[in-house]
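Peer 1: Sending over a structure as structure tokens; questions will come in a sec.
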Amino acid sequence: MLIHSASQLLTLAGGPQRGHELGRLGLIEDGAVLVRGGLIEAVGPSAVLRAAYPNEDLWDAGGRVVMPGFVDPHTHLVWAGDRAQEFEWRTQGKTYTEIAAAGGGILATVRATREAPLETLIEQARQRAWTMLRHGTTTAEAKTGYGLTPESELRLLEAILQLNQEGPLELVPTYLAAHDVPPEFRSDPQTYVDQLCTEMLPAVRQWWQTHAPGRPLPFVDVFCERIAFDLAQSRQILVRARELGFGLKIHADEFESLGGARLAVELGATSADHLVKTPPEDIQALAVSGTVAVALPCTPFGLAQPEYTPARAILDAGGLLALATDLNPGTAWCESMPFVIALACRYLKLTPAEAIAAATINAAAAIGAADRLGSLEPGKQADLIVLDVPDYRHLGYRFGTNPVLRVMKRGRWVV
Ligand code: NIG
Ligand code: FE
């Protein structure tokens, strides 16, 4: 199929974009893209491609923007229930950490998730997956982390595998049994950390080899924060995960800086996420490393907190910056990458072009998939979206409505 007459075809060609390179859209005016067998075969001006492929089925983009599907590299997609009550408390002045300390927060969702049958978990996550697709996300990372026992965390991995199998949203799994200290270990968190390292991580690897043979192992992630795991515990878990062959991610510096960003660099993590309270030295260390800095502007927005990731400082220092939703029931129930872009243009001071690159090719790098996702280049997966706008800058500029008209996943229209 030849998709033609895009007012602007954004290819995002040329690989992940570092520092001030961010925002290289590879824009082709009156552009076209040839899709065959689920892959991109060619991109170029409409006139050139129509002449070169005269017998191809045509799809007229009608003067709209065509670009790669969004990659959302940080979501907590699978959970049961909601925390609307906690949101109301926050509007009345209670803080997220106060609510968490009183047994709400992540542990409230852990209780609901442990009780839910697998089918219920899948059904609730499926609804969100379709909302993500309708908002232009074609691939998302998905974390466990609301089970916090060996069995319930594997059940969450199972839900992610089943949803990925079912499609069309492609899911890249992350094992986040270190999301919080489970209620059973509140008085002795270190015992849980030890169990995670000696029993749970090796068991996950084995489980994966029988349930998803041949597929790359999930990432392993840790919530490195005073209200969850300290720096030494985070290091212990991530070092063990690395020994076992897992790729690494970390939740660092969301509320306080414990040194998680620097730890990510030291261990060669694929990404370090949140980075709101990150000190300048750690920004510098991150920016010269291969670790992608993932900013999650829905989280401070969702908590009505004034501080956001210092994205300009990360770019000035030459870092790799990506954007994600952080979709979760506590701080950021948001499935929309267009909304993330709108926030990033305001609070992270990104231009629309920078935010688009951070939400596509760099987001693919944040899940280790920039070689096959995140841009429209020959040989890459045909994951693309059509925006019902004439100019890419409407992303960012407009917010609160959905600009996405059509979504193609692996060469098939799914929205
Ligand atoms: O990224 N970091 C922890 N996880 C989420 C919050 C999860 C929750 O409150 O359920 C976050 O903000
Ligand atoms: Fe998160």
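Numbers here mean position along the shown chain, with the first residue as 1.
Cβ coordinates come from backbone N, Cα and C, glycine included.
Under the heading domain 'Aminodeoxyfutalosine deaminase/Imidazolonepropionase-like composite', TrEMBL lists 31-54. Annotated domain 'Amidohydrolase-related' per TrEMBL: 65-414, in sequence order. According to TrEMBL, the Fe(3+) binding site annotation covers His74, His76, His251, Asp326. Marked as Zn(2+) binding site by TrEMBL: His74, His76, His251, Asp326. Here TrEMBL flags Arg83, Tyr146, His179, Glu254, Thr331 as 4-imidazolone-5-propanoate binding site. The annotation N-formimidoyl-L-glutamate binding site is assigned in TrEMBL to Tyr146, Asn328, Gly330.
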Peer 1: Of Tyr146, His251, Asn328, Gly330, the binding-site residues listed, which put a C-beta under 6 Å from ligand 1? Please answer none if none do.
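Peer 2: Going through Tyr146, His251, Asn328, Gly330 in sequence order, those close to ligand 1 turn out to be His251, Asn328, Gly330.
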Peer 1: According to DSSP, which kind of secondary structure is Thr331 (4-imidazolone-5-propanoate binding site) found in, if we only use helix, strand and coil?
Peer 2: coil
Peer 1: Please give me the CB contact count at 10 A for His76 (Fe(3+) binding site), counting all chains in the structure.
Peer 2: 27
Peer 1: Suppose we draw a 10 Å sphere around the Cβ of His179 (4-imidazolone-5-propanoate binding site). How many other Cβ atoms does it contain, all chains included?
Peer 2: 26
Peer 1: Calculate the distance in Å between the alpha carbons (Cα) of Gly330 (N-formimidoyl-L-glutamate binding site) and Glu254 (4-imidazolone-5-propanoate binding site), and round it to a whole number.
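Peer 2: Per the Cα atoms, Gly330 (N-formimidoyl-L-glutamate binding site) and Glu254 (4-imidazolone-5-propanoate binding site) stand 14 Å apart.
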Peer 1: Output the one of His74, Arg83, His251 that, of all these binding-site residues, has the highest number of other Cβ atoms within 10 Å of its Cβ.
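Peer 2: That would be His74, with the highest Cβ count within 10 Å.
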Peer 1: I'd like to confirm something. Which of the binding-site residues, His74, His251, Asp326, Asn328, has a Cα closest to the Cα of His179 (4-imidazolone-5-propanoate binding site)?
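Peer 2: Out of the listed candidates, the nearest Cα belongs to His251.
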Peer 1: Rounded to an integer, what is the Cα-Cα distance in Å between Arg83 (4-imidazolone-5-propanoate binding site) and Asn328 (N-formimidoyl-L-glutamate binding site)?
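Peer 2: Distance (Cα to Cα, whole Å): 10 Å.
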Peer 1: What is the one among the binding-site residues Glu254, Gly330 whose Cβ has the most other Cβ atoms less than or equal to 10 Å away?
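Peer 2: Comparing the binding-site residues Glu254, Gly330, the most crowded Cβ belongs to Glu254.
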Peer 1: What does the structure give for the C-alpha distance between Glu254 (4-imidazolone-5-propanoate binding site) and Asn328 (N-formimidoyl-L-glutamate binding site)? Integer Å is fine.
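Peer 2: Cα of Glu254 (4-imidazolone-5-propanoate binding site) to Cα of Asn328 (N-formimidoyl-L-glutamate binding site) measures 14 Å after rounding.
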Peer 1: Which of the three DSSP states, helix, strand or coil, fits His251 (Fe(3+) binding site)?
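Peer 2: For His251 (Fe(3+) binding site) - judged by DSSP and reduced to three states - the answer is strand.
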Peer 1: Of Arg83, Tyr146, His179, the binding-site residues listed, which put a C-beta under 6 Å from ligand 2? Please answer none if none do.
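Peer 2: Cβ under 6 Å from ligand 2: none.
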Peer 1: What is the separation, in Å, between the Cα atoms of His76 (Fe(3+) binding site) and Thr331 (4-imidazolone-5-propanoate binding site)?
Peer 2: 11
Peer 1: Give the sequence-ordered set of same-chain residues, not counting His74, His76, His251, Asp326, with Cβ within 8 Å of the centre of the Cβ atoms defining the Zn(2+) site.
Peer 2: Thr75, Lys143, Asp273, His274, Leu296, Thr299, Ala324, Leu327, Asn328, Ala332
